[in-house]
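Quick one: the structure is below, questions incoming.
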Amino acid sequence: MSELETGTAAHGTPVENKSVSSSQASTPTNVGSRDDLKVDDDNHSVDAIELPKKPRSAYITVSILCLMVAFGGFVFGWDTGTISGFVNQTDFIRRFGQEKADGSHYLSNVRTGLIVSIFNIGCAIGGIILSKLGDMYGRRIGLMIVVLIYVVGIIIQIASIDKWYQYFIGRIISGLGVGGISVLSPMLISETAPKHIRGTLVSFYQLMITFGIFLGYCTNYGTKTYSNSVQWRVPLGLCFAWAIFMITGMLFVPESPRFLVEKDRIDEAKRSIAKSNKVSYEDPAVQAEVDLICAGVEAERLAGSASIKELFSTKTKVFQRLIMGMLIQSFQQLTGNNYFFYYGTTIFNSVGMDDSFETSIVLGIVNFASTFVAIYVVDKFGRRKCLLWGAAAMTACMVVFASVGVTRLWPDGANHPETASKGAGNCMIVFACFYIFCFATSWAPIAYVVVAESYPLRVKAKCMAIATASNWIWGFLNGFFTPFITSAIHFYYGYVFMGCLVAMFFYVFFFVPETKGLTLEEVQEMWEEGVLPWKSSSWVPSSRRNAGYDVDALQHDEKPWYKAML
């Protein structure tokens, strides 16, 4: 959403409003930056009416509401944190594993990979199919429905006695629900949040993922001493509480004003905007915001209903944005974060930490705590800078981690872990934790932010679903094949992710524009104007430009690519 940062008194209240719609507003002459627009009296310029920017303390209510929506991330994180422990618990292995000749039980790599990773396939399918509920019934009702589907999957898992394929089916169904959540939660937040804290509020989704992972680890640690199905049924049973909390929260969350405008529910859209921005329903800036949304929706209506074919259109640059979203979400998985969580147990064992549950808790704490940093930096420094910094820092960490593992950890080879170097192990632990910090403060939350901000309303649900599905598919491939790969090449696997991280850095620099401080409609305008991504941070929307603004300079660059990077 937009904000009023100009024509205000010292305390952020409007001084004068001279127009009621964005189409009637004149433009400022000072375009020093997107978020610092001033009235220039010498040139008699007046800013467009925008929703006022208030102190962050004024947005406590909307932050809590968005946190309720973001709780969908907790549901996903809880599954990630608990399933990693289930496959190591004795009762789970006895019920769903295979029996050896001596009567003991085990889970093969194939069965483990299927049980853990099939959830991601369910998420990919659910993200594509169930996200349509958001367009049909609204984002809030859509979220309630997919949470109920998730609960059905949990019931099937809890009811499983000793048939692994029953548990397998339950995970597919719960994955369908989580896939729908992963699309609708960031979508609702991005369409409801005030624009100057939108990145922060969308990042709540990742914060809830890490919180769910951490609490899942702690719950596994608490139930590991039991010898019966309490080990895994109690953590699954708690999912009912999470579902009830989220459905109840949706009763208090305002519906997306963009969805409401699309359904011609204008008064409700105005109330939603007023509630999210903590302003009066009668505030002219609310009407101006609705006018801006109406203009965008009307333009999309004139173009006709969106089809799958339109996703591949290059005229509106939807296809370019779809590819960008798919690659951003794929790269998030290819950072290697799951590799660290999988292989972390081996590293920690090398320095005497034999309890894999303790290992998980340590990594979970770093992951969760670091996400608070991301909530601050995403709107402070912008999306591009955070993604570029994250890719560069993770590359450095991965080089050290893999190199020490290959050359120093096991001096007598991987077949003799008993001779592991404690110093090398300590070094790798430090860089593993620093790597997780870098991931949690950059690619973990900001991938969702970029995808949620990049698409026009008419194709948003479809594009977000496809982009998010690419994340789930790579999650499945990573989860299924990592045990086989690490057992074959050990720490050399880190160099594969290092190559992906280098590719990520260059891709972001050349193809991902900055969207910090822009409304979703202004993001659409920037794409249509063909602004070069590395110049996008200097771009100003047409409603805020002066007569001397040169948009052509942002569409071309005479400098070689390596100078542009510098």
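Cβ atoms are placed via backbone N, Cα and C, with glycine included.
I grabbed these lines from Swiss-Prot:
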type	residues	note
REGION	1-39	region 'Disordered'
COMPBIAS	16-32	compositional bias 'Polar residues'
TOPO_DOM	22-61	topological domain 'Cytoplasmic'
TRANSMEM	62-82	transmembrane segment
TOPO_DOM	83-112	topological domain 'Extracellular'
TRANSMEM	113-133	transmembrane segment
TOPO_DOM	134-140	topological domain 'Cytoplasmic'
TRANSMEM	141-161	transmembrane segment
TOPO_DOM	162-166	topological domain 'Extracellular'
TRANSMEM	167-187	transmembrane segment
TOPO_DOM	188-198	topological domain 'Cytoplasmic'
TRANSMEM	199-219	transmembrane segment
TOPO_DOM	220-233	topological domain 'Extracellular'
TRANSMEM	234-254	transmembrane segment
TOPO_DOM	255-333	topological domain 'Cytoplasmic'
TRANSMEM	334-353	transmembrane segment
TOPO_DOM	354-357	topological domain 'Extracellular'
TRANSMEM	358-378	transmembrane segment
TOPO_DOM	379-385	topological domain 'Cytoplasmic'
TRANSMEM	386-406	transmembrane segment
TOPO_DOM	407-428	topological domain 'Extracellular'
TRANSMEM	429-449	transmembrane segment
TOPO_DOM	450-465	topological domain 'Cytoplasmic'
TRANSMEM	466-486	transmembrane segment
TOPO_DOM	487-492	topological domain 'Extracellular'
TRANSMEM	493-513	transmembrane segment
TOPO_DOM	514-566	topological domain 'Cytoplasmic'
Are the transmembrane segment (429-449) and the transmembrane segment (62-82) close enough to be called in contact, which here means at least 3 C-beta pairs under 8 A that are separated by 6 or more residues?
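In this chain the transmembrane segment (429-449) does not contact the transmembrane segment (62-82) - fewer than 3 Cβ pairs sit under 8 Å.
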List the helix, strand and coil residue totals of the topological domain 'Cytoplasmic' (379-385) as derived from DSSP.
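Split by secondary structure, the topological domain 'Cytoplasmic' (379-385) comes out as 5 helix, 0 strand, 2 coil.
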Please determine whether the transmembrane segment (167-187) and the transmembrane segment (358-378) are in contact (criterion: at least three Cβ-Cβ distances under 8 Å, sequence separation 6 or more).
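No, the stretches stay apart by this measure.
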Same-chain Cβ contacts of the transmembrane segment (141-161) under 8 Å, 6 or more residues past its ends?
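Answer is 69, 72, 75, 95-96, 122, 126, 130-131, 133-134, 167, 169-181, 184-185, 188, 233, 236-237, 239-240, 243, 246-247, 250.
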Return the stretch with the most CB pairs under 8 A relative to the transmembrane segment (113-133), choosing among 199-219, 234-254, 358-378, 466-486, 493-513.
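Comparing 199-219, 234-254, 358-378, 466-486, 493-513: 466-486 has the most Cβ pairs near the transmembrane segment (113-133).
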Looking only at the recorded stretches 62-82, 358-378, 386-406, 466-486, 493-513, which one has the largest tally of CB-CB distances under 8 Å to the transmembrane segment (234-254)?
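Counting Cβ pairs under 8 Å, the winner is 62-82.
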Do the transmembrane segment (386-406) and the transmembrane segment (62-82) share at least 3 Cβ pairs closer than 8 Å, excluding pairs fewer than 6 residues apart in sequence?
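When sequence-distant Cβ pairs are counted, the transmembrane segment (62-82) does not touch the transmembrane segment (386-406), since fewer than 3 lie under 8 Å.
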Any idea what the model's mean pLDDT is for the topological domain 'Cytoplasmic' (450-465)?
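Per the prediction, mean pLDDT sits at 85 for the topological domain 'Cytoplasmic' (450-465).
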Going by DSSP, how much of the topological domain 'Cytoplasmic' (450-465) is helix, how much is strand and how much is coil, in residues?
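Counting residues by DSSP class gives 13 helix, 0 strand, 3 coil.
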For the transmembrane segment (62-82), which recorded stretch in the set 199-219, 358-378, 466-486 gives the largest number of Cβ pairs separated by under 8 Å?
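The stretch I would name here is 199-219.
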How do the residues of the topological domain 'Extracellular' (487-492) split into helix, strand and coil according to DSSP?
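For that range the per-state counts are 6 helix, 0 strand, 0 coil.
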Can you tell me how the residues of the topological domain 'Cytoplasmic' (255-333) break down into helix, strand and coil by DSSP?
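Within the topological domain 'Cytoplasmic' (255-333) the tally stands at 58 helix, 0 strand, 21 coil.
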With DSSP as the reference, give the number of residues of the topological domain 'Extracellular' (162-166) in helix, strand and coil.
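Going by DSSP assignments, the topological domain 'Extracellular' (162-166) contains 3 helix, 0 strand, 2 coil.
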If we skip the immediate neighbours and take only residues 6+ beyond the ends of the topological domain 'Extracellular' (83-112), which ones have a Cβ under 8 Å from one of its Cβ atoms?
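Same-chain contacts beyond the flanks: 119, 160-164, 167, 171, 216-217, 220-221, 223-224, 226-229, 231-232, 235, 341, 356-357, 360, 483-484, 487.
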